[in-house]
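Features as listed in TrEMBL:
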| type | residues | note |
| --- | --- | --- |
| DOMAIN | 18-150 | domain 'EamA' |
| TRANSMEM | 20-39 | transmembrane segment |
| TRANSMEM | 45-67 | transmembrane segment |
| TRANSMEM | 79-100 | transmembrane segment |
| TRANSMEM | 106-127 | transmembrane segment |
| TRANSMEM | 139-159 | transmembrane segment |
| TRANSMEM | 190-210 | transmembrane segment |
| DOMAIN | 192-330 | domain 'EamA' |
| TRANSMEM | 222-242 | transmembrane segment |
| TRANSMEM | 254-274 | transmembrane segment |
| TRANSMEM | 286-306 | transmembrane segment |
| TRANSMEM | 312-332 | transmembrane segment |
Amino acid sequence: MKHLVIGCAMSMVKQKHYIAMLLTQTIFAGMAMFSKAAISEGMNPYVFVTYRQAFAVVALAPLAAFFERKSDVLLSYNILLKILLMSLLSTLSLNLYYFSIHYTTATFAAATTNLIPAITFFMAIILRVEALSINKSHGIAKVLGSSIGITGALVFAIVKGPQLNFVNCPKGNTRGTHGSNLNYSLKEEWLKGSLVMLLANIIWSLWLILQVPIVKQYPAKLRLATLYCLFSWIQSSVWAMAMERNISAWKLKWDINLFSVAYCGVIVTGLTYWLQLWAVEKKGPVFIAMFTPLSLIITAIVSAFLWKETLYVGSVCGGILLVGGLYLVLWGKHTEAEREIKDQILENKDGTTVI
(Lines of atoms letter the chains of each structure in order from A and count residues from 1; the text may use other names and numbers.)
(Lines give C-alpha, C1' and ligand atoms only; values in the text may rest on other atoms or scores of the structure.)
Protein backbone atom coordinates (compact mmCIF):
# COMPACT_ATOMS: atom_id res chain seq x y z
CA MET A 1 0.00 0.00 0.00
CA LYS A 2 2.84 2.34 0.89
CA HIS A 3 4.55 1.68 -2.45
CA LEU A 4 1.25 2.34 -4.26
CA VAL A 5 0.83 5.73 -2.55
CA ILE A 6 4.45 6.67 -3.32
CA GLY A 7 3.98 5.59 -6.95
CA CYS A 8 0.83 7.70 -7.30
CA ALA A 9 2.61 10.69 -5.77
CA MET A 10 5.56 10.31 -8.17
CA SER A 11 3.15 10.04 -11.11
CA MET A 12 1.39 13.25 -10.07
CA VAL A 13 4.72 15.09 -9.82
CA LYS A 14 5.61 13.99 -13.35
CA GLN A 15 2.20 15.15 -14.62
CA LYS A 16 2.18 18.47 -12.73
CA HIS A 17 2.64 20.50 -15.90
CA TYR A 18 -0.48 18.94 -17.40
CA ILE A 19 -2.43 19.43 -14.17
CA ALA A 20 -1.37 23.09 -14.06
CA MET A 21 -2.53 23.68 -17.65
CA LEU A 22 -5.82 21.84 -17.05
CA LEU A 23 -6.41 24.07 -14.03
CA THR A 24 -5.51 27.17 -16.05
CA GLN A 25 -7.96 26.37 -18.86
CA THR A 26 -10.68 25.51 -16.34
CA ILE A 27 -10.15 28.94 -14.77
CA PHE A 28 -10.35 30.60 -18.21
CA ALA A 29 -13.60 28.72 -18.91
CA GLY A 30 -14.95 30.01 -15.61
CA MET A 31 -14.02 33.56 -16.63
CA ALA A 32 -16.20 33.38 -19.76
CA MET A 33 -19.12 31.77 -17.92
CA PHE A 34 -19.14 33.89 -14.75
CA SER A 35 -18.65 37.18 -16.59
CA LYS A 36 -21.46 36.24 -18.99
CA ALA A 37 -23.69 35.42 -16.00
CA ALA A 38 -22.94 38.75 -14.27
CA ILE A 39 -23.52 40.87 -17.37
CA SER A 40 -26.68 38.92 -18.24
CA GLU A 41 -27.93 39.74 -14.73
CA GLY A 42 -27.70 43.42 -15.65
CA MET A 43 -24.21 44.49 -14.58
CA ASN A 44 -22.81 47.22 -16.81
CA PRO A 45 -19.86 45.79 -18.80
CA TYR A 46 -17.79 48.97 -18.33
CA VAL A 47 -18.35 48.88 -14.57
CA PHE A 48 -17.40 45.19 -14.66
CA VAL A 49 -14.04 45.98 -16.30
CA THR A 50 -13.35 48.75 -13.75
CA TYR A 51 -13.92 46.46 -10.78
CA ARG A 52 -12.05 43.59 -12.43
CA GLN A 53 -8.93 45.73 -12.93
CA ALA A 54 -9.20 47.06 -9.37
CA PHE A 55 -9.23 43.50 -7.98
CA ALA A 56 -6.30 42.64 -10.30
CA VAL A 57 -4.21 45.49 -8.89
CA VAL A 58 -4.99 44.36 -5.34
CA ALA A 59 -3.96 40.79 -6.26
CA LEU A 60 -0.77 41.61 -8.18
CA ALA A 61 0.69 44.52 -6.17
CA PRO A 62 1.64 42.43 -3.08
CA LEU A 63 3.13 39.71 -5.31
CA ALA A 64 5.21 42.26 -7.20
CA ALA A 65 6.36 43.92 -3.97
CA PHE A 66 7.43 40.58 -2.44
CA PHE A 67 8.90 38.60 -5.33
CA GLU A 68 10.58 41.52 -7.11
CA ARG A 69 11.70 43.48 -4.05
CA LYS A 70 15.36 42.90 -4.97
CA SER A 71 14.93 43.84 -8.61
CA ASP A 72 16.94 46.91 -9.60
CA VAL A 73 15.15 47.56 -12.90
CA LEU A 74 14.66 51.30 -13.36
CA LEU A 75 11.34 52.72 -14.54
CA SER A 76 12.13 55.65 -16.83
CA TYR A 77 9.59 58.22 -18.02
CA ASN A 78 9.92 56.83 -21.53
CA ILE A 79 8.97 53.30 -20.45
CA LEU A 80 6.20 54.64 -18.21
CA LEU A 81 4.68 56.49 -21.16
CA LYS A 82 4.84 53.33 -23.29
CA ILE A 83 3.12 51.33 -20.53
CA LEU A 84 0.42 53.99 -20.28
CA LEU A 85 -0.23 53.89 -24.03
CA MET A 86 -0.18 50.09 -24.10
CA SER A 87 -2.66 49.93 -21.23
CA LEU A 88 -5.06 51.93 -23.42
CA LEU A 89 -5.09 49.02 -25.88
CA SER A 90 -5.73 46.44 -23.16
CA THR A 91 -8.49 48.64 -21.68
CA LEU A 92 -10.16 49.00 -25.08
CA SER A 93 -9.92 45.26 -25.74
CA LEU A 94 -11.41 44.34 -22.35
CA ASN A 95 -14.29 46.80 -22.69
CA LEU A 96 -15.11 45.53 -26.18
CA TYR A 97 -14.91 41.91 -24.95
CA TYR A 98 -17.36 42.41 -22.09
CA PHE A 99 -19.64 44.58 -24.22
CA SER A 100 -19.85 41.85 -26.86
CA ILE A 101 -20.37 38.99 -24.41
CA HIS A 102 -23.74 40.54 -23.55
CA TYR A 103 -24.91 39.81 -27.11
CA THR A 104 -23.20 36.44 -27.62
CA THR A 105 -22.52 33.42 -25.41
CA ALA A 106 -19.81 32.22 -23.05
CA THR A 107 -19.03 29.40 -25.51
CA PHE A 108 -18.49 31.85 -28.37
CA ALA A 109 -16.25 33.98 -26.14
CA ALA A 110 -14.15 30.91 -25.30
CA ALA A 111 -14.09 29.85 -28.96
CA THR A 112 -12.81 33.16 -30.31
CA THR A 113 -9.92 33.07 -27.81
CA ASN A 114 -8.47 30.31 -30.00
CA LEU A 115 -8.22 32.87 -32.80
CA ILE A 116 -5.61 34.99 -31.03
CA PRO A 117 -2.53 33.04 -32.30
CA ALA A 118 -3.81 33.22 -35.89
CA ILE A 119 -4.68 36.92 -35.69
CA THR A 120 -1.34 37.66 -34.04
CA PHE A 121 0.46 35.84 -36.88
CA PHE A 122 -1.30 37.85 -39.60
CA MET A 123 -0.74 41.14 -37.77
CA ALA A 124 2.93 40.31 -37.21
CA ILE A 125 3.31 39.84 -40.97
CA ILE A 126 1.54 43.14 -41.71
CA LEU A 127 3.73 44.97 -39.19
CA ARG A 128 6.81 43.12 -40.55
CA VAL A 129 7.60 41.66 -37.17
CA GLU A 130 7.51 38.16 -38.66
CA ALA A 131 8.54 36.99 -42.12
CA LEU A 132 6.20 34.99 -44.33
CA SER A 133 7.97 31.82 -45.56
CA ILE A 134 5.35 30.61 -48.03
CA ASN A 135 7.85 28.32 -49.79
CA LYS A 136 8.41 26.25 -46.63
CA SER A 137 6.12 23.77 -44.92
CA HIS A 138 5.95 25.65 -41.62
CA GLY A 139 5.07 28.90 -43.43
CA ILE A 140 2.28 27.21 -45.37
CA ALA A 141 0.99 25.61 -42.14
CA LYS A 142 0.80 28.97 -40.34
CA VAL A 143 -1.01 30.69 -43.22
CA LEU A 144 -3.39 27.79 -43.76
CA GLY A 145 -4.03 27.35 -40.03
CA SER A 146 -4.72 31.06 -39.55
CA SER A 147 -7.14 31.09 -42.49
CA ILE A 148 -8.95 27.98 -41.22
CA GLY A 149 -9.20 29.47 -37.72
CA ILE A 150 -10.74 32.73 -38.94
CA THR A 151 -13.14 30.76 -41.15
CA GLY A 152 -14.11 28.67 -38.12
CA ALA A 153 -14.92 31.80 -36.12
CA LEU A 154 -17.14 33.10 -38.91
CA VAL A 155 -18.90 29.72 -39.21
CA PHE A 156 -19.44 29.65 -35.43
CA ALA A 157 -20.94 33.14 -35.50
CA ILE A 158 -23.10 32.93 -38.63
CA VAL A 159 -23.98 29.30 -39.44
CA LYS A 160 -26.60 27.56 -37.29
CA GLY A 161 -27.94 24.30 -38.71
CA PRO A 162 -29.77 21.67 -36.65
CA GLN A 163 -29.98 22.12 -32.89
CA LEU A 164 -28.04 19.73 -30.63
CA ASN A 165 -29.89 18.53 -27.52
CA PHE A 166 -27.56 17.14 -24.85
CA VAL A 167 -30.22 17.09 -22.15
CA ASN A 168 -33.98 16.88 -22.36
CA CYS A 169 -34.90 20.23 -20.88
CA PRO A 170 -36.66 23.35 -22.11
CA LYS A 171 -34.35 25.88 -23.71
CA GLY A 172 -34.61 29.46 -22.60
CA ASN A 173 -34.96 32.16 -25.21
CA THR A 174 -32.09 34.14 -23.79
CA ARG A 175 -30.12 36.80 -25.54
CA GLY A 176 -26.95 35.59 -27.14
CA THR A 177 -28.37 32.18 -28.16
CA HIS A 178 -28.78 32.07 -31.94
CA GLY A 179 -31.78 29.72 -32.13
CA SER A 180 -34.20 29.33 -35.02
CA ASN A 181 -36.96 31.10 -33.06
CA LEU A 182 -34.99 34.31 -32.65
CA ASN A 183 -36.42 37.34 -34.38
CA TYR A 184 -34.45 39.56 -36.73
CA SER A 185 -33.36 42.07 -34.09
CA LEU A 186 -31.84 39.40 -31.86
CA LYS A 187 -30.01 37.85 -34.80
CA GLU A 188 -28.71 41.30 -35.65
CA GLU A 189 -27.50 41.74 -32.06
CA TRP A 190 -25.74 38.35 -32.19
CA LEU A 191 -23.90 39.36 -35.36
CA LYS A 192 -22.96 42.72 -33.83
CA GLY A 193 -21.66 41.01 -30.69
CA SER A 194 -19.67 38.52 -32.77
CA LEU A 195 -17.97 41.23 -34.80
CA VAL A 196 -17.17 43.29 -31.70
CA MET A 197 -15.72 40.15 -30.05
CA LEU A 198 -13.45 39.61 -33.08
CA LEU A 199 -12.39 43.26 -32.90
CA ALA A 200 -11.52 42.81 -29.21
CA ASN A 201 -9.28 39.86 -30.12
CA ILE A 202 -7.62 41.84 -32.92
CA ILE A 203 -6.75 44.64 -30.50
CA TRP A 204 -5.49 42.11 -27.95
CA SER A 205 -3.27 40.52 -30.61
CA LEU A 206 -1.85 43.95 -31.42
CA TRP A 207 -1.17 44.45 -27.70
CA LEU A 208 0.72 41.14 -27.58
CA ILE A 209 2.95 42.16 -30.48
CA LEU A 210 3.69 45.68 -29.25
CA GLN A 211 4.48 44.66 -25.69
CA VAL A 212 7.48 42.49 -26.71
CA PRO A 213 9.99 45.38 -26.81
CA ILE A 214 8.57 46.80 -23.56
CA VAL A 215 9.17 43.50 -21.74
CA LYS A 216 12.78 43.58 -22.98
CA GLN A 217 13.23 47.13 -21.69
CA TYR A 218 11.45 46.45 -18.39
CA PRO A 219 11.85 42.72 -17.52
CA ALA A 220 10.23 42.97 -14.06
CA LYS A 221 7.12 41.12 -15.26
CA LEU A 222 5.04 41.32 -12.08
CA ARG A 223 5.62 45.04 -11.71
CA LEU A 224 4.83 45.49 -15.39
CA ALA A 225 1.56 43.56 -15.08
CA THR A 226 0.63 45.58 -11.99
CA LEU A 227 1.27 48.87 -13.81
CA TYR A 228 -0.79 47.69 -16.79
CA CYS A 229 -3.70 46.85 -14.50
CA LEU A 230 -3.33 50.09 -12.52
CA PHE A 231 -3.42 52.32 -15.59
CA SER A 232 -6.19 50.22 -17.10
CA TRP A 233 -8.21 50.62 -13.90
CA ILE A 234 -7.86 54.42 -14.03
CA GLN A 235 -8.78 54.52 -17.73
CA SER A 236 -11.71 52.14 -17.25
CA SER A 237 -12.97 54.19 -14.30
CA VAL A 238 -13.07 57.38 -16.36
CA TRP A 239 -14.84 55.66 -19.26
CA ALA A 240 -17.32 53.80 -17.02
CA MET A 241 -18.23 56.95 -15.05
CA ALA A 242 -18.88 58.76 -18.34
CA MET A 243 -21.06 55.94 -19.66
CA GLU A 244 -22.82 54.88 -16.43
CA ARG A 245 -23.84 57.70 -14.06
CA ASN A 246 -26.42 55.74 -12.11
CA ILE A 247 -24.95 55.20 -8.63
CA SER A 248 -26.94 52.03 -8.06
CA ALA A 249 -25.18 50.38 -11.03
CA TRP A 250 -21.88 50.71 -9.15
CA LYS A 251 -23.05 48.99 -5.97
CA LEU A 252 -21.71 45.49 -5.38
CA LYS A 253 -23.69 43.01 -3.32
CA TRP A 254 -22.98 39.46 -2.19
CA ASP A 255 -24.10 37.97 -5.48
CA ILE A 256 -22.79 36.72 -8.83
CA ASN A 257 -21.58 40.22 -9.76
CA LEU A 258 -19.15 40.48 -6.84
CA PHE A 259 -18.01 36.88 -7.27
CA SER A 260 -17.40 37.35 -11.02
CA VAL A 261 -15.30 40.52 -10.78
CA ALA A 262 -13.30 39.08 -7.86
CA TYR A 263 -12.82 35.79 -9.75
CA CYS A 264 -11.67 37.53 -12.96
CA GLY A 265 -9.45 40.01 -11.12
CA VAL A 266 -7.83 37.77 -8.51
CA ILE A 267 -7.97 34.21 -9.85
CA VAL A 268 -7.69 34.81 -13.60
CA THR A 269 -5.18 37.68 -13.44
CA GLY A 270 -3.24 36.50 -10.39
CA LEU A 271 -3.17 32.69 -10.24
CA THR A 272 -3.16 31.91 -13.98
CA TYR A 273 -0.41 34.49 -14.55
CA TRP A 274 1.87 32.54 -12.23
CA LEU A 275 0.83 29.14 -13.60
CA GLN A 276 1.57 30.22 -17.17
CA LEU A 277 4.91 31.82 -16.29
CA TRP A 278 5.94 28.64 -14.49
CA ALA A 279 4.83 26.43 -17.40
CA VAL A 280 6.57 28.64 -19.99
CA GLU A 281 9.80 28.37 -18.05
CA LYS A 282 9.52 24.57 -17.75
CA LYS A 283 7.90 23.56 -21.05
CA GLY A 284 7.85 26.58 -23.36
CA PRO A 285 5.05 28.70 -24.87
CA VAL A 286 3.86 26.11 -27.40
CA PHE A 287 3.07 23.69 -24.56
CA ILE A 288 0.71 26.29 -23.03
CA ALA A 289 -0.98 27.15 -26.31
CA MET A 290 -1.72 23.46 -26.99
CA PHE A 291 -4.18 23.43 -24.09
CA THR A 292 -6.16 26.52 -25.18
CA PRO A 293 -9.03 24.51 -26.80
CA LEU A 294 -9.76 22.90 -23.42
CA SER A 295 -11.43 26.09 -22.19
CA LEU A 296 -13.79 25.97 -25.19
CA ILE A 297 -14.71 22.32 -24.52
CA ILE A 298 -15.26 22.93 -20.78
CA THR A 299 -17.31 26.08 -21.40
CA ALA A 300 -19.51 24.41 -24.02
CA ILE A 301 -20.27 21.36 -21.83
CA VAL A 302 -20.91 23.28 -18.60
CA SER A 303 -22.98 25.99 -20.33
CA ALA A 304 -25.13 23.38 -22.10
CA PHE A 305 -25.92 21.51 -18.87
CA LEU A 306 -26.11 24.29 -16.28
CA TRP A 307 -27.30 27.33 -18.23
CA LYS A 308 -29.17 25.52 -21.01
CA GLU A 309 -27.09 27.23 -23.68
CA THR A 310 -28.16 26.02 -27.11
CA LEU A 311 -25.54 24.51 -29.41
CA TYR A 312 -25.92 23.94 -33.13
CA VAL A 313 -24.16 21.85 -35.73
CA GLY A 314 -22.74 25.05 -37.19
CA SER A 315 -21.27 25.98 -33.79
CA VAL A 316 -19.61 22.57 -33.44
CA CYS A 317 -18.21 22.66 -37.00
CA GLY A 318 -16.92 26.18 -36.41
CA GLY A 319 -15.31 25.06 -33.16
CA ILE A 320 -13.61 22.13 -34.89
CA LEU A 321 -12.23 24.46 -37.58
CA LEU A 322 -11.01 26.86 -34.88
CA VAL A 323 -9.17 24.13 -32.98
CA GLY A 324 -7.77 22.58 -36.16
CA GLY A 325 -6.51 25.94 -37.36
CA LEU A 326 -4.92 26.63 -33.98
CA TYR A 327 -2.97 23.36 -34.00
CA LEU A 328 -1.79 23.98 -37.57
CA VAL A 329 -0.42 27.36 -36.53
CA LEU A 330 1.22 25.82 -33.45
CA TRP A 331 2.77 23.05 -35.53
CA GLY A 332 4.14 25.60 -37.98
CA LYS A 333 5.64 27.74 -35.22
CA HIS A 334 7.13 24.69 -33.49
CA THR A 335 8.66 23.40 -36.74
CA GLU A 336 10.05 26.86 -37.55
CA ALA A 337 11.65 27.14 -34.09
CA GLU A 338 13.27 23.71 -34.47
CA ARG A 339 14.70 24.62 -37.87
CA GLU A 340 16.09 27.88 -36.55
CA ILE A 341 17.86 26.01 -33.75
CA LYS A 342 19.30 23.48 -36.23
CA ASP A 343 20.45 26.26 -38.57
CA GLN A 344 22.10 28.08 -35.70
CA ILE A 345 23.96 24.91 -34.64
CA LEU A 346 25.16 24.38 -38.22
CA GLU A 347 26.33 27.99 -38.46
CA ASN A 348 28.23 27.64 -35.22
CA LYS A 349 29.91 24.46 -36.50
CA ASP A 350 30.84 26.10 -39.82
CA GLY A 351 32.23 29.12 -38.02
CA THR A 352 34.40 27.06 -35.66
CA THR A 353 38.08 27.13 -36.46
CA VAL A 354 40.39 24.36 -35.39
CA ILE A 355 43.82 25.54 -34.15
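Even glycines carry a Cβ here, placed using N, Cα and C.
A TrEMBL annotation is a machine prediction, not a hand-curated record.
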Taking helix as H, G and I and strand as E and B in DSSP, count the residues of the domain 'EamA' (18-150) in helix, strand and coil.
104 helix, 0 strand, 29 coil
Who are the long-range neighbours of the transmembrane segment (45-67) in its own chain, taking Cβ under 8 Å and residues 6 or more past its ends?
35, 38-39, 91, 94-95, 98-99, 101-102, 220, 222-223, 225-226, 229-230, 232-233, 236-237, 239-240, 243-244, 249-250, 252, 257, 260-262, 264-266, 269-270, 273-274
The average per-residue pLDDT within the domain 'EamA' (18-150) comes out at 87
Under an 8 Å Cβ to Cβ limit, what residues of the same chain, 6 or more beyond the ends of the transmembrane segment (190-210), are close to it?
86, 89-90, 92-94, 96-97, 99-104, 108-109, 112-113, 115-116, 119-120, 123-124, 127, 129, 153, 157-158, 176, 178, 182
With DSSP, how much of the domain 'EamA' (192-330) is helix, how much strand and how much coil, in residues?
118 helix, 2 strand, 19 coil
In terms of Cβ proximity under 8 Å, which residues at least six beyond the ends of the transmembrane segment (106-127) contact it?
28-29, 32-33, 35-36, 97, 100, 142, 145-147, 149-150, 152-153, 156-157, 176, 194, 197-198, 201-202, 204-206, 208-209, 289, 292-293, 295-296, 298-300, 303, 307, 309, 311, 315, 318-319, 322-323, 325-326, 329-330, 333
Of the stretches 222-242, 286-306, 312-332, which racks up the most C-beta pairs under 8 Å with the transmembrane segment (139-159)?
312-332
With a Cβ cut-off under 8 Å, give me the same-chain residues at least six positions beyond the ends of the transmembrane segment (222-242) that come close to it.
44, 46-47, 49-50, 53-54, 56-57, 60-61, 63-64, 67-68, 71, 73, 75, 80, 83-84, 86-88, 90-91, 94-95, 214-215, 269, 273
